[in-house]
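The structure appears right after this line, and notes come after that.
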């Protein structure tokens, strides 16, 4: 027992020191600890550390009292600060608890414990102050200001705890009230700096010169801090956000959070803002006025050039290598080194320096073009540097030109490479050396990273001047170099990747292109089939041939990265021992070491105070783990049942299985098979779970029969080879003995006979004469009779006579057949093995226990299982999820993880979940309501989770449900929860996160329990469980509350009462329900559900923003924290902190997280999203994970601990499976490689654990600026890396995660992510990381964030470039000319880009990760299954989604948060809905590519050879079909004929529906069409220009095809093309006439309208006849010309949309809209045609259902009934 177990009993006189007299006599509400009354009866107050921390805060001593408020005796240092500086009372209460809790936890962790546990240790306080104020100290040093924390950090200086406490408290109070300013850490530093100065003046008793009085702070009074400091800055941020016009204004036009924060990175904040804050400063002047502060630090300009600016080193490398490769390959030698022997080639290669200097010049011009807004009077040096850089880069180009020219002039003069010419080459190289000096310096510093870190982090002025030229000095991004070992690891990785890429590029991409290029350039007399604008324009054709190759060259590094990272990830996973236990079979082999593994990893071991962390202890640990992993050494071999270790293991294991039962993933029968029963019936061995002992007894009997004459030792040796077999034999024997002696009356003769018989057997075993005394052949008979006996006992109706008969038969066999030496009746009597009277044995001697003796009959059932089981029970448990969880948990215990400390000594942590308005718990209506197919959510869940539904009903019956119909009445709450725990609801997330609390309580008990407690506990629990006491305990509570919190788990009945207190001190769960206040006001059912969650989970807190209307019609906003008070039985408000205004200035989710962050506690905070889940067995490992913060990873300790995720939505449909497979490989293998060896893991969403105090002082756990931070999570990772943090990844613990399951949801999610990446490209974080990281980490960073999306886009662009190039070659006639000369040369070019679209490379990480965790064969089988389920179509389709949204966001902006909804998707999506979602991103593009392929097929000479055409275009056709068909292939009932018909009607109604102003996009085509152009409202001038240039490609069809028409009769005159435009205008004119006639006459004078139509048709026919008769017009020309003019119309339409601001005012606009409508009808029909065809063909619908729901089919489910709506009759 530790010292702190004693309850606190302070002496009577000190009472006043601890208890706060409350004037109202009412108990003050508290959050976790009642600090206001330290004498309260609360389990946390038994810790002396809590009282020590509170006492330290109370030590106000002789401090000068605040002048204007009365001082109360119970006030402490925080009240003192509140009265002086005007902080809010509730904010002070919040920070008081925060501080006391944290200091108490820190003191608990002290090792060795302090001498005086009743007072706060000064070292604890000092360490905390240094950590909390570290960022402030760095900021002061950076600005060259003296820190205002006046405490010496020298060791010998005397500690001043009160002063330390004041600084820490002041910082926390400033942070706690800063609201949105928390996103601006240096702004908080500035405020703290000035307030600390005022605090110092008060502490040092300064006298005010003006008044002669002691100095007072510049702000005081109620809420003074909020009103005079926070509010002015907040209002500035708010005004800037309003300037952004809801995120639609360009980023450069307004200041975001980062801009305002970076204002405090220069000394001008002291000069301009002053203190007290000067309201007239230009800092507060917002947009549109003169003299305002513009952007600071960086200007976000929307342009593709950002990719070049941020990652210029990468592009320089790629471009220079390509140039050199072409020059070397042009020489035409077999190998590059042969070509380089020629001096000509060597000199030509030197032209790379022109390119390099040109690229530097381009970079400098881009810097000026994009960042000129940063230059102001205050930042002139920045402008000077930009201009100078440009000038210097231009000078370099000239210098290189001059020196290069001199080489060739000398060579040409000498006509050979003379000495003089070579000298000039040397001069050129000398100049080049000067040029690359900075790169060489960077390389040297890369090799010795610590020097680089020192140079960047130092604040000496001399170094600033030296580095001024290379990069501007900023506060973040300094000292980012990693240690030498990490450096070597990721450098080797990238050298390997780059070497492979460059070899491949040279030999497979560049070299094969040289010969055809030369041939094409040499091609003479090409007969062009159209008008040529330039002579000798083969060069353009060559350019088009090279374009796809160059695009491929630029992106294929992504593929090589993907391949190598897969294998490196697998290797790292293998070394981490992942996937060693993949199934229950492998678990059986290791189960006997399992108890030791749990003891070793999850139970704290008593260690010497200074032993931990030494080399010796680490070595011992490694040896220990080896023994564990491979079962070496005695301690891990056998666990006999009297060991405490085994009992603790049993408690933990049974609790896990019990929770599996609560979650209904195992049945009651499986619980009996899986649990470790307590040691009753005097069994001498560990009673392993039944599923391990199955079949073992029969195998042992078999061995005994075989080895009839073998001696005891040999037989026992053979049996003992298998630990489970040994235990099964001994347990069966002991149990049979106990059973027989139990059911026979104690003082009867039969009882003594049995006793004697067993004594004989025991004796013969002892003297090793068992096989000599007894016949082994009789054992099977005994076995059969025992089975009979046990079966009679477990029947509900017991037949006593049959029991007696069986016992007699057993007796007969034992006496007659079993004994080797025959004994006479007298001998038997003499030996005590027979009775003296002649009556039948056992007739009156059998007494069976009562039927309600559950404990007895449970043991009998176990014995029965061991006796009869013949199969191997590999499928126990049946549920796949239960098996996966057991396998993962058991595997993780053999992985390397830190030792668990005692719960008291562990780090405290919180979990934070942002919630807006999603489902909490499904209501009865939601469960019963049927969709259009007649499917309700409940029916769907019953079908998908068939076994879990059976288990749930079984549990309900055991909890007292009589009829199944009661499920809708008395058990409705349980039913709703059961369904909610299978959806993505808040209820599920809360249940998962509260497992932490349950786990901690159990661990506290196990930490403090003595051997006696554990021994008695396991026995007591066994008896309770068997006597049904637990059920009676539970039934005292409401059934609903029991099933929700399930807190009365078995182990909890052993708790001593202090567990809650310890667990509360270590763990809090805060859910940020932003609009909970509004929901309560509206009586929203969500609010009631949230309240009931609080009621059933005592560690749950809800934070929300309360909007209060004041008298003057204004609104006040408050951050409020509430909890459910179990004593008062109602929700109580704990804290109410006033805010300066509305919370949501930036993106909603980070703002929601930020307002609730002040209510979290502990050293760490885990960010958990609304779609996540947790598991009890994983929660047991949390204290191990938190210990990772103490270890160094490289040269830094971690600041974010990455946690592995398991995607739990994979079983719903094949689509969900593809998504979860992709996601799983990303969150496991992908993250693993990023963390080690690449050292570039960021924070990709959740469930990472943040070092709370590190982030608290550095801007929080996400960024929130509008639009630019739309992917808010990853910016926490960027911020962490830039500020010198370290992100690790740990795979011995996992958290569940839900993903979207329908194609539309998936696409919206991918659109959100791609748009977010598009915005990241513009952000300052990416620019800084691209420049500040070393070269190889920069490569890792690029290819795993924005580069991945950019390269996905490049793949699609390659397809475009390839097809447009082919079209050009075919229509121009170059292809015909080239083919006639040498067909093979073109063939080499054509196959260049086909390797890419296989998508195999994107699937590789998935296959590798599955091989590691599931086994190679299983992984291959999964991959093949996926292909058969058309996963390639899905992945190709999602490439299109990413490309469209990423490209559009970079060009035009318009990124927005897309709420995907987390529902179950089994209903059919209508054609109109699919069209709205995918028309622009997929369908139109697919039609365009299809059109190119069609035109190419009809006009290319190569296409005449069918095989060549297929080989050339098959992947492109696959892309086209994927983009068109995917939404229907993955749409339930996508090929149902009736639905297709209805869908088309619905689509036409939507197209023609006019609607009013309030029509939504779902109702009206016109509304949707305008919404699709929204991005043109946010785009800039260059975005529009670029869009128009892209749209011009559609005019090319017309240019190419009109010359192919018969009417052109071979002419190549430009006039042919110009005349063809007449047709466009005529067509438009006719269309306009008909529309005009329709508007004017259609309603009233219908006959006129028909007349106009008739005239148009007649004129058309006459025109065609005239053309056929008088010109060379052919009838086919009509159809061919459609291929030409339809794209032209589309191109005009797209350009008209860009020019909408000008055209909308003219009459033309109505025509544009109606033409656009016709085009959408046309596209709709084109897309609908294949769908209709497949729907019409028989059998396709059932095949599609099979493909879509294969996963469920393979589990034998009635999925077809779900899709077709045919319910089974047994449905409830």
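Quick reminder: no glycine exception, Cβ is built from N, Cα and C everywhere.
The domain '1,3-beta-glucan synthase component FKS1-like' annotation in TrEMBL covers 162-278. Here TrEMBL flags 1-27 as region 'Disordered'. Per TrEMBL, transmembrane segment is recorded for 345-366, 386-407, 428-451, 490-508, 537-555, 1341-1363, 1507-1530, 1581-1602, 1614-1635, 1647-1668, 1675-1699, 1719-1737 (among others).
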Near the transmembrane segment (1614-1635), which same-chain residues lie under 8 Å Cβ to Cβ, leaving out any that are not at least 6 residues past its ends?
530-531, 1598-1599, 1602-1603, 1608, 1652-1653, 1656, 1681, 1684-1685, 1688-1689, 1692, 1711, 1714-1715
For the transmembrane segment (1581-1602) and the transmembrane segment (428-451), check the count of CB pairs under 8 Å (sequence separation 6 or more) and say whether it reaches 3 or more.
no
I'd like to know if the transmembrane segment (1507-1530) touches the transmembrane segment (1719-1737) in this structure, counting it as a touch only when three or more C-beta pairs sit under 8 Å and are separated by 6 or more positions.
yes
Overall pLDDT for the domain '1,3-beta-glucan synthase component FKS1-like' (162-278), taken as the rounded mean:
91
What else in the chain is close to the transmembrane segment (345-366), if you only count residues 6 or more beyond its ends and a Cβ gap under 8 Å?
305, 308-309, 312, 315-316, 319-320, 323-324, 327-328, 331, 339, 386, 389-390, 393-394, 396-397, 400-401, 404, 407-408, 411, 425, 428-429, 432, 435
For the transmembrane segment (1341-1363), I need the partner stretch with the highest count of C-beta pairs below 8 angstroms, choosing only from 386-407, 428-451, 537-555, 1675-1699.
537-555
Residues from the same chain, set at least six apart from the ends of the transmembrane segment (1507-1530), whose C-beta lies under 8 A from its own:
1214-1215, 1302-1304, 1359, 1362-1363, 1366, 1387, 1390-1391, 1394, 1397-1398, 1430, 1432-1434, 1436-1437, 1440, 1469, 1474, 1477-1478, 1482-1483, 1485-1487, 1489-1490, 1493, 1496-1497, 1500, 1727, 1730-1731, 1734, 1744, 1747-1748
What are the DSSP helix, strand and coil residue counts for the domain '1,3-beta-glucan synthase component FKS1-like' (162-278)?
77 helix, 2 strand, 38 coil
Residues of the parent chain within Cβ reach of the transmembrane segment (1675-1699), under 8 Å, 6 or more residues beyond its termini:
1488, 1491, 1494-1495, 1498, 1573, 1576, 1584, 1587-1588, 1591-1595, 1597-1598, 1600-1602, 1604-1607, 1620, 1623-1624, 1627, 1664, 1668, 1708, 1712, 1715-1716, 1719, 1722
